[in-house]
Amino acid sequence: MSLKPRVVDFDETWNKLLTTIKAVVMLEYVERATWNDRFSDIYALCVAYPEPLGERLYAETKIFLESHVRHLYKRVLESEEQVLVMYHRYWEEYSKGADYMDCLYRYLNTQYIKKNKLTEADIQYGYGGVDMNEPLMEIGELALDMWRKLMVEPLQNILIRMLLREIKNDRGGEDPNQKVIHGVINSFVHVEQYKKKFPLKFYQGIFVSPFLTETGEYYKQEASNLLQESNCSQYMEKVLGRLKDEEIRCRKYLHPSSYTKVIHECQQRMVADHLQFLHSECHSIIQQERKNDMANMYVLLRAVSSGLPHMIEELQKHIHDEGLRATSNLTQEHMPTLFVESVLEVHGKFVQLINTVLNGDQHFMSALDKALTSVVNYREPKSVCKAPELLAKYCDNLLKKSAKGMTENEVEDKLTSFITVFKYIDDKDVFQKFYARMLAKRLIHGLSMSMDSEEAMINKLKQACGYEFTSKLHRMYTDMSVSADLNNKFNNFIRNQDTVIDLGISFQIYVLQAGAWPLTQAPSSTFAIPQELEKSVQMFELFYSQHFSGRKLTWLHYLCTGEVKMNYLGKPYVAMVTTYQMAVLLAFNNSETVSYKELQDSTQMNEKELTKTIKSLLDVKMINHDSEKEDIDAESSFSLNMSFSSKRTKFKITTSMQKDTPQELEQTRSAVDEDRKMYLQAAIVRIMKARKVLRHNALIQEVISQSRARFNPSISMIKKCIEVLIDKQYIERSQASADEYSYVA
């Protein structure tokens, strides 16, 4: 074919073209040669001489399409009950034919229509150069537009009514023609799919809106029927079944954009409209832990707004009640272990339930945390919360040498699990005080099962609460290794003296930082060191002063222990004793009988401490009370028990020093209160320094927020701290408002 423009007879060329496009649009056979000739004819018309005939070709093609669609419309109308089937048949034929026509008219589309086509801006803001009423469209688009205007819109009511009826029959169990229904609905999408903006607007307006209304009505009635014939479990099962069926139905018939809208409408009618009924059954389902019902209820309630909160609240109450039942009435002897293991058991049970039944939903995990927080921090009216102390004792039991039958790995696993419970404590500072006191006893008295386990536990607490929380614990741990090094240096110091020095005893010492250890430096009694120990103490003080100038050593004799060999019996016994007990026993080196007054003079101990020490030796029958009176007084005298015997050749004499006393517990809690006051005062100063001016309520909220990681401060305590800082002139009340504070620089 020649590409050169030439004179063309439009009527003759159009008649040939018309015959071909009639065949094309009806999917009749067209020979390849004919197709090529018609393609050339369209080109010739578009480049015709003296003037192109593209505009006339477009107009005639449009007239043909209008005529053809009107003809098909009449035939569909005449089919009566077969409207959907006939519509679908003609649509399938017409839409494919329109695609072929669009290919045939490719040159017209690209060279004439696209060049003269209005842009979206032209349509929106107006453009005088082209007739605004009839914007040009590519031939494929024009064909679809004709179908929409001349077929779909006139048949709209009939088509929609029939489609809704067929889908309703499908819901009722009948088996309608899926291909026809899907094809008809898809035609509503296809006729405007070429549009760049809102291509689904026509489909949504003509079909989706009435379909959603019909769906809502249908499932409203369906829910009403189901409620009359079912209990809650059955209702949930059936509703889930209906939702699944409707989802399959959506995929069979509708455009993907409609799936969620339809399912949402079903959920509104069958779930949201009956929330009160579902919520009323929620309590018994959770109380009885009916897992299948819980899973079904979760799936249903999750899908509607304000559906889940009630279920979350019910589960939280249930976990709280079960937790309290598990942790109450525990035997006193094993309370720390039973308490922690009971909480872990409840935690493990409900974590598994939430993961397997409730899809691991974080809202329920948060409810679990809140419930167990209230369980762990529960306290009887007018009593303190026992959890911090119990948890500290639990760790103490695990980390002591007396934790029999457990390997280090088993202890490690238990301590890792323990952190789960620890995180629920509000008063972490109370735990820290008890833990530090128990750690001190383990370290000083050599009771730790393993120093590696001690360090691992401190690191776990550090990960949970930060460096500041464990800084003192770290220093205590470090002091032990530093002391071991110090002992080696001291032994070298003794060996390297010019004159040979015999201390007379093997001697080990711990040098502890006063600020890190929870130890009272004020002894409960005065004390004179036994002569046998004096030399070693003096030499260590000399060594220490030479190595660390400016440091002051304070001897904590009440914490010291030693071993005493008993050479006066048939068996070679060794007694592990406190320094106070040692001082009393060493008095018997010079005499088998010693009076109370002599002991008082030699030890310089006060009456209370001396009496307690003597009593501990009487209890194990190492000495005898040479008096008919039971009570110890100034006239008492004591003698060595020469017939003493024990199953063990090495034994320990326990004292109240190693046991927890009510006074110690009270001291610990008092120390916590003092620390809290200082912490709150520091927090208030920090906040006010940054903010300069702050209202009362805002300051209190800031302080609570900053303190929550360590403890939950009471508002009354915060107020007292504010008053203290006003007295100390760190802050002042604002002159403008009594409800406002200013930072004093």
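The backbone N, Cα and C atoms fix where each Cβ goes, glycine too.
Annotated NEDD8 cross-link per Swiss-Prot: LYS689, in sequence order. If you look up Swiss-Prot, you'll see 675-735 marked as domain 'Cullin neddylation', on the strength of sequence analysis. The N6-acetyllysine feature in Swiss-Prot is assigned to LYS393. Taken from Swiss-Prot, the feature phosphothreonine covers THR661.
DSSP assignment over the domain 'Cullin neddylation' (675-735) gives 42 helix, 6 strand, 13 coil. Across the fold, the C-alpha of LYS393 (N6-acetyllysine) and the C-alpha of the residue listed as 'NEDD8 cross-link' stand 40 Å from each other.
Taking Cβ-Cβ distances under 8 Å and a sequence gap of 6 or more within the same chain, the neighbours of the residue listed as 'NEDD8 cross-link' are TYR743. Mean model confidence of the domain 'Cullin neddylation' (675-735) amounts to 87 (pLDDT, 0 to 100 scale).
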